[in-house]
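Student: Take a look at the following structure, please.
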Amino acid sequence: MLKAVLEPAIGSKSKRDLKDYLPTLRNINKLERWALLLADEDFSKETQKLKYELKSGNSLENILERAFTLSREAARRRLKERPYDVQIIAGLALHEGKIIEMKTGEGKTLSSVQAAYLNSLTGDGVIIVTVNDYLAERDSNWMKPVFDLLGVTVGVVLSNMDYERRKDQYAKDITYVTNNELGFDYLRDNMRYDLNEKCLRKFNYCIIDEIDSILIDEARTPLIISGPTEGNTNAYLEVNSLVSFLKECSKDSKSGDYPLEIDDLDGDYTIDEKAKRISFTAKGLNNLEQLLVSKGIISGSLYTDSNFNYVHYMTQALKAHLLFFKNREYIVGDSGVEIVDEFTGRVLTGRRYSDGLHQAIEAKEEVRVANENKTMATITFQNLFRMFDKISGMTGTADTEAKEFHKIYNLDVVVVPTNRLLARIDEEDTIYYTEEFKFHAITDEVYKTYKKGQPVLVGTASIEKSEILSAMFKNRGIKHEVLNAKNHSREAFIIAEAGAKHAVTIATNMAGRGTDIKLGGNIEHRVRKKIGTNVSLEEFQEAVKNERENYLKDYNEVKSLGGLYVIGSERHESRRIDNQLRGRSGRQGDPGRSRFYVSLEDDLMRLFAGDSLRSLMGKLGMATGEPITHSLLTKSLINAQKRVEDRNFEIRKHLLEYDDVITKQRDFIYAQRNSILEDTAIKDRILIALEEYLSFLLEGTKGGSVSSVFLNEINLIFAYMLESLGSIENINSLDLKAKLMQIARANLDEKENLIGRDLFNGFLRYEYLKNIDFKFQEHLANLDSLREAVYLRSYANKNPITEYKEEGFLIFSELIKDIKVSTIRRVLQLKLDSNSSDFKSVKKSKNVNSIHKELSGILINENKNVSNVQVVRSSPKIGRNEPCYCGSGKKYKNCHGKS
């Protein structure tokens, strides 16, 4: 067996990686006899022994072999599955903080058990991250019997849980959770006004399932907590009708490119399909201004503050019409415009594009235009997971991105060989000039295969293409199923039958990841169809046993026909997505076949490889309607994909450089929040901040007279309190500072005595945190604007990142000062009297939403009410007709109670 482990490995690095694990694997195999003799009740006792050893100073490495042996035997007893040697090797790599690449059907979920169990013994918690709630719940329930036998607790966090349940689940030894929920919980924890309401504990160790999807595909989509904001939604309707009046700039007839010189551009705007960007020309802005004025939408110049937003509205309208298409980037359902994930093919329920793009698409599709949102907190997945002491991951496709994993995350990829040799035949790509010829060829190939009885899976890049092929199959009399975002409710049924004889399935990327297509069909699904769901577990197991003979007959028949035939209808930008589609065939040593059909009209070819391939095909003597299959062409396609992957890597690296600036600032703000939450003497903190600010204002006076700037500032801070000093212009600056500090301390002491120390400290904490949150939200918006501004400076040969870092630091320094000053001003100017001795701050619940944001300025909004993100009320609620706490003299309902 040990020799067989090495033989299938590809490449010298893989062999070296595997060779390093063999001595440990041998020792684990030798220990298996010891574990076999244990009674069930001994497992939890052995776990306690291992925990005691760790507390006594032993290391995880010294107990690793016993822990892996125990968990392997626990899996055999509870799941009737003994982890293969390759799965043990995978577990060892996961423990070391590496990424394992395992092919479909090789048991990644079971491979994670050993590493999770070992690392849970420290008591610091293990997080296992999945891509959706279904997998989190499924995997936790599936592995729970194993962990129960071992005596470690296991939990799961789902999107519908409140914070009390979340906190309880995160406290377990091992917790399953989605990447989105983990990120949102981190952001929500850092918006809380009570330490006891925080859900998470310190980030220790996490195992990320489908790590390439989360850390690469979703790396351009930062998580965001947002709240509603008022916006001019009518403007999107107004500009939507103007799209046809503006014209794209003319391109060179030979090269297909725009003129290099700006003065030579003839038209209103240019389109960058690769970056999904629209740019107005000077002529275009003039035409837009005339258009808006003639339609009565604006009056006067486009460049006034009140009118210039229409450039943004129009840009988004053009994007909506020219770069985002129905049944490709999104669908229109009962709930309006719904985004389709380009990598998974699934609907991103409740999420919205940002920056007005979603509103522009809604206007285009003539559905209700919703309000925009404002950012309250944000983090990228890169920086979320870099906070863990140790991370590792699993996927079927990681080796193509090994360079990025190493450079960004310092993670190595270990390619784990299959337990059985891969028998799938991967054929050279077949290439056509046009999409029409390609689709006809696919239909012919599927028809022949269908008649033979061999199951076929046809992968498409969009809903639109899946519907075109479906119509063509229908015309040829090919019975088939279509799996896309529009009929996802039938997914389980379609996938269960996709490996049966004569099965033909057209699917978007939904079938490319996480689906297990079994030859002959799915026996459990077949039994459910026969006996229904209203039966006992014993009856179901008996029915499965009785059906097994028929199933094995069907399995062997499909196997003899060549297994599952996977046809890709075009190449994706990423080789990983293509490999995921191919990976549906040839599971666990089964036979299979795969081939990609490509045309020069496909997006990848058109944008990244069209000219070179067209030239090469011409040299090979290819006519318009003829296909061609050649290793040179396949190599050219792969090179095009590599160029796109390198480009996307640079984009993600670029995003990370920007986000690192925000990360340092966010970490500082969150550390300040935590310090304030724990502080029992915030009055002293505020007085120290005031003294520092006064010293800053008095720098350079050297004890002389004060400046007008200083006088203006202290008037804003102290207001009515300065009356006792009389004329202050001639007071020595140092004496004035001492007097002001004396006034401030007396002011705060009086209020503290009036309502009590604890209550006053709670009020000060609330005011400080409220100021931090509000100002930081404004700061995030300012950073977004700054980023747009520095992007344009690249045209002036300036480095945008350097400019962003330098100016970002300056506005952050201003933010810190502003938070302190506004808090000082607020608490000093608050008037309390004896009639409001039971004054308390108002607990305000915030209507916030969780969002996702794509690199190209696209923000995806997960539109759900996060009720557990709230400001904590530290005092009883003020009556609506009572005087407002701000001292304005107005009733609360007519002042701060309006909102």
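Glycine is treated like the rest: Cβ placed from N, Cα and C.
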Student: Swiss-Prot has GLN87, GLY105, GLU106, GLY107, LYS108, THR109 binding ATP. Which one of ASP426, ASP429, ASP444, ASP516 is in the same site?
Tutor: ASP516
Student: I'd like to know which of these binding-site residues, GLN87, THR109, is least surrounded, judged by other CB atoms within 10 A.
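Tutor: Counting other Cβ atoms within 10 Å of each of the binding-site residues GLN87, THR109, the minimum falls on THR109.
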Student: Using a 10 Å radius around each Cβ and counting other Cβ atoms from all shown chains, which of the binding-site residues GLU106, ASP516 yields the largest count?
Tutor: GLU106
Student: Largest pairwise Cα distance, Å, within the listed ATP binders GLN87, GLY105, GLU106, GLY107, LYS108, THR109, ASP516?
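Tutor: Comparing all Cα pairs, the maximum is 18 Å.
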Student: What number of additional C-beta atoms lies within 10 angstroms of the C-beta atom of GLY105 (ATP binding site)?
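Tutor: For GLY105 (ATP binding site), the count of other Cβ atoms within 10 Å is 20.
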Student: Counting every protein chain present, what is the number of Cβ atoms, excluding its own, within 10 Å of the Cβ of GLY107 (ATP binding site)?
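Tutor: Its Cβ shell of radius 10 Å holds 18 other Cβ atoms.
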Student: Report, as a single number, how many Cβ atoms besides its own are within 10 Å of the Cβ of LYS108 (ATP binding site).
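Tutor: Within a 10 Å radius of the Cβ of LYS108 (ATP binding site) lie 24 other Cβ atoms.
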